[in-house]
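Asker: Let me give you the structure first, and then I'll get to my questions.
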């Protein structure tokens, strides 16, 4: 990333542009998360481009390998998101399922990097008074990415959709070349002059850049400098917050959110709704943008949607066609599920992790909790079809419901 020497234009602070450029990484993350949902039906079609077909076992690997790659990326996170493109190239040009799955692993790896790197970068370059707003833009960007891939997936084949998804990280790579590195990171590396230039670039004229630099340095000096030792995990004030964070990550993934998002089109097809599955997913993407609901309300809403949403899915999967149940009910139930997740179980585990973990152990514990989250995401998405076969669809969704009811009583 280049470090600019010139001040930004008078009256305009370029850290807004830098944050927006980083948001593209979150948009790319959203396309990665949502891609398999419209792509799998396209791959299953007899008219697939290139004649590439995919069976049920390969379908589960295709849907879940992104999370396995994200697990690795999350553990070695750094601001390397400009390398996200190669994974989409592999997917778009795949002639075998092996190459297709390899592309999912690569995009998943860089999704893991994005999930940690973008929030850190945006936080470190933003002024305190707008940090929360710009941070919220990250979640909005992920939603835009998911909505975009659902919308265009209705009209494009899996390979054409992959090429379109490639343009997002490519645009980010170009923009980030012209952005400044984080002043805080530069000071951590002892690059005081480079940090001053970065502050001048980000905040422009009219700011006491020397004072800004001194304030960051003071904050760094107040941070714990001693290395963390694993044996310290025996101390209750350290292991209890970690266990709470791990439980919240467990509950988040056992809500079934990734199974719903990764196989959404297939779920709507099986549910028998009269609304085209692709249109359902565009609506779901729009609903996911509503993240400003009170957390207490979200807990009740999530429990309600998880319970009520099983009825239409049961009827659809069992091949029943009851006239008493409107065919649009699956869409309503899953929309409520997404709303409940987005304003509650989705953001809360990440927020609680930042608030609960002691500063001394935060780096180690954050990596542990993030890795555990992606591991559970892989397990849920990989075993989803197997659970359908073993427990039947109705039993599978009741399993997720029971886990969430249990989590409700444990947390509240």
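Think of each number as a place in line: the chain as shown, counted from 1.
A Cβ is built for glycine as well, from the same backbone N, Cα and C atoms used for every other residue.
Straight out of TrEMBL:
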- 1-412: domain 'Major facilitator superfamily (MFS) profile' (DOMAIN)
- 14-35: transmembrane segment (TRANSMEM)
- 61-81: transmembrane segment (TRANSMEM)
- 87-120: transmembrane segment (TRANSMEM)
- 132-152: transmembrane segment (TRANSMEM)
- 158-179: transmembrane segment (TRANSMEM)
- 242-269: transmembrane segment (TRANSMEM)
- 329-352: transmembrane segment (TRANSMEM)
- 364-381: transmembrane segment (TRANSMEM)
- 393-411: transmembrane segment (TRANSMEM)
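Quick one: where do these features end up spatially?
Answerer: Long-range contacts of the transmembrane segment (14-35) within its own chain (CB-CB distance under 8 A, at least 6 residues past either end) are made by residues 8, 66, 81, 84, 107-108, 110-111, 114-115, 117-118, 121-122, 125-127, 134, 137-139, 141-150, 153, 161-162, 165, 168-169, 171-172, 175-176, 179-180, 201-204, 258, 261-262, 285.
Within the chain carrying the transmembrane segment (364-381), a Cβ under 8 angstroms from the stretch's Cβ atoms is held by residues 60, 63-65, 67-68, 70-71, 74-75, 112, 115-116, 228, 238, 241-242, 245-246, 249-250, 252-254, 256, 258-259, 262, 349, 353, 357, all 6 or more beyond its ends.
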Asker: Over the span of the domain 'Major facilitator superfamily (MFS) profile' (1-412), how high is the average pLDDT in this prediction?
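Answerer: Summing pLDDT over the domain 'Major facilitator superfamily (MFS) profile' (1-412) and dividing by its length gives 72.
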